[in-house]
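For reference, the structure is listed below as structure tokens.
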Amino acid sequence: MSSESGQQDVESKPKSAGSTSAGHEYEDVLQIIGFGRVQWIVLFAAGLLLMMVINETMGMSYITIVSQCDFEMNSMDKAVMSAASFIGIFCSSYFWGYLSDTIGRRPVLIYTTIAGNFLSLCSTVIPNYWLYVFIRFGVGFFIAGASSTTYAYLGEFFTPRHRPIAINYASLFVGVSTVYVPATAWLILSMDWSVSVTDDFSLRPWRLLTICYLLPGVVGTLMLWSLPESPKILMSLHKTEEAFAAVDWIAVTNSGKHLHEFKVHKLKTEDNANGENILLISKSAFTTIKKMWKETMPLLRRPHLLNFVISCTIMCGLFFSSSGMGLWYPEIQNRLGSNTADDSMTVCQVIDASIDQMQANATNKICDDHINTKSYIDTITYGSALIVGYILMGLVINTIGRKASISIGLTLAGACAIALIFIKDEVAIVVCFCLYLVLPGLCVSILSGAVVDLVPTHLRGKAVCICLMLGRTGSVFGSNIIGVLLESYCSLTFGVFSGFVLVCASLTLLLPI
């Protein structure tokens, strides 16, 4: 079977003489037009939006360190600040995903990204801790639009043959972001300046860092502005003329020819398209919520309930480890790099020593918000490993399958977390940390693809959106558990993270993937 026939679009219709409407299938027209400039622009725009989401969430791992003196934060305060964006994403992901199905992908992507970037810019001049946390919650609330809608918009510009490749390359921007965040922090935070605005508020380099983190979103939004709405969603909304115009624009941009020159005069509409837009025709918020709940209920009934619950639990574990611990990775590496002891020490021994040093600093009223060079280098190494991991996982998954890829990856990650309790070698610590963070992170996209195959077509968008939304609660729990336990019960913290990952590895074996 050819690769083209082996990767059928789940929404494409079989060709038959008895079709209810004449015209060309959208995917067939994309095949006729060919891969070209539009697909590259969409790919880079989508990648930049995904990069912006990672910057705004994982970038807080550095900002919590360098802002701790300005906001007078302890470890728990840092955990709350780090989790604020994730909580915002959790609260709004399903709404933005549902809205993108009812009014279109492009407006959701553009306006939520603009709103998120605006709030992120506002946060650079916020002097109060709790107001800053609230603004970061708002940033997460809006950038969830890009987080939940980007893949749908991206995939609908590609043929079934190129779609998995496009999504994989877009995911590489997650790795690029993981390099961009520490590299930019290294450049900006090496500056030493301060501009006094009031007696209690000064602008310092870390506030400029926030602006650097939102730049990919600005560029991605500008690229989206020149692109049309997804023709697929336009046809689903019965906007056939707009859909045809969008596809004609793709044809002209890619090949310089209009659709009629390809003997394409009409697009075949979707037989199962539902023209009812509950968000536009309803005057009652209750009616809208009731409709959304009704369309979601099938996921919570047989035969989908068990597999869906298991998938959500595993996704929670993946974010719990990769993002929850990932938010603290620069902090932990910063403490390891600041260790001046001559003898080799375990991670927990270094953290215990750093607590003694912080207590001494507190006694002498010294606040240390310095980040050592080793922390930057180790995080860049982690990001580079993530990029390589995406490439290698694409090769391995075709050989051993999704179930084995996830279960083996999580088992290895759990073993690395246990090893971190005992090992003292600096290189081995970095390797184990990177593997613990990278492997669950790689499994997120694999599990998302598996969820798509576990439910019917009309439930897939909602299923993936809810699964990722619930998964991000793992980031919140993971970050706060470290904030509470790390300094008092360091070994227990790594044991909890290892145990959760190993449980998820076992649960993967129950999924029919």
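All positions are counted from 1 along the displayed chain.
Glycine too: its Cβ is placed from the backbone N, Cα and C atoms.
TrEMBL does not curate its annotations; it predicts them automatically.
Features as listed in TrEMBL:
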type	residues	note
REGION	1-21	region 'Disordered'
TRANSMEM	40-67	transmembrane segment
DOMAIN	41-513	domain 'Major facilitator superfamily (MFS) profile'
TRANSMEM	79-96	transmembrane segment
TRANSMEM	108-126	transmembrane segment
TRANSMEM	132-154	transmembrane segment
TRANSMEM	166-188	transmembrane segment
TRANSMEM	208-227	transmembrane segment
TRANSMEM	305-329	transmembrane segment
TRANSMEM	379-397	transmembrane segment
TRANSMEM	404-422	transmembrane segment
TRANSMEM	428-452	transmembrane segment
TRANSMEM	464-486	transmembrane segment
TRANSMEM	492-511	transmembrane segment
In contact by Cβ distance (the transmembrane segment (379-397), the transmembrane segment (108-126); 3 or more pairs under 8 Å): no
Sequence-remote partners of the transmembrane segment (166-188) [C-beta within less than 8 Å, at least six residues beyond its ends]: 39, 43, 46-48, 50-51, 54-55, 58-59, 61-62, 150-151, 154-155, 158, 205-206, 208-209, 212-213, 216, 330, 371, 373, 375-376, 379-380, 382-384, 386-387, 389-391, 394, 441, 445
Contact between the transmembrane segment (379-397) and the transmembrane segment (132-154) (3 or more Cβ pairs under 8 Å, separation 6+): no
The transmembrane segment (464-486) vs the transmembrane segment (404-422): 3 or more CB pairs under 8 Å: no
Stretch of maximal Cβ-Cβ contact with the transmembrane segment (40-67) [cut-off: under 8 Å; candidates 132-154, 305-329, 404-422, 428-452, 492-511]: 132-154
Reported mean pLDDT - the domain 'Major facilitator superfamily (MFS) profile' (41-513): 81
Other parts of the chain folded back onto the transmembrane segment (132-154), taken as Cβ under 8 Å at six or more residues beyond its ends: 42-43, 46, 49-50, 52-53, 56-57, 60, 71, 80-81, 84-94, 96-97, 100, 105-106, 108-109, 111-113, 115-116, 119-120, 122-123, 126, 166-167, 170, 217, 220, 230, 233, 461, 465, 468-469
